[in-house]
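Annotation comment: Swiss-Prot describes Lys21 as active site, proton acceptor. For Thr24, the entry in Swiss-Prot reads active site, nucleophile, with the evidence type sequence analysis. Annotation comment: Swiss-Prot describes Glu74 as active site, proton donor, evidence class sequence analysis. The domain 'ASCH' annotation in Swiss-Prot covers 6-100 and is backed by sequence analysis.
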Amino acid sequence: MQPNDITFFQRFQNDILTGRKTITIRDASESHFKAGDVLRVGRFEDDGYFCTIEVTGTSTVTLDTLNEKHAQQENMSLDELKRVIAEIYPNQMQFYVIDFKCL
């Protein structure tokens, strides 16, 4: 079985598959992805494969510069997005936005 290239929490799987979630915000450990990369996607909880995505763009962002567009692309409110990012990456301010589409 091929390993997954990137994982998402299971709660985001349906939003990814239906196109409601089109970005992911990651820390420096996942800043190496670039436009054109094709990635196998798995669930964080069990590493089970659920789709393949293509990276369509990347950019940097800070917790303070997250905006409504980021929130819409994550399919959540801006307050919820900031809370989720702060929970996943405590004490970090610099992040990497990965834009993607399901293949």
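Placement of Cβ uses the backbone N, Cα and C atoms for every residue, glycine included.
Keep in mind the model is a prediction, meaning the values are calculated, not measured.
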Handout entry: Composition by DSSP (helix, strand, coil) of residues within the domain 'ASCH' (6-100)
Key = 32 helix, 34 strand, 29 coil
Practice task
Provide, as an integer number of angstrom, the distance between the C-alpha atoms of Glu74 (active site, proton donor) and the residue listed as 'active site, proton acceptor'.
Solution key: 5
Fill in the blank from the handout: Candidates Lys21, Thr24, Glu74 (active-site residues); min other-Cβ count within 10 Å returns Lys21
Handout entry: Per-region confidence, the domain 'ASCH' (6-100) (mean pLDDT, whole number)
Key = 97
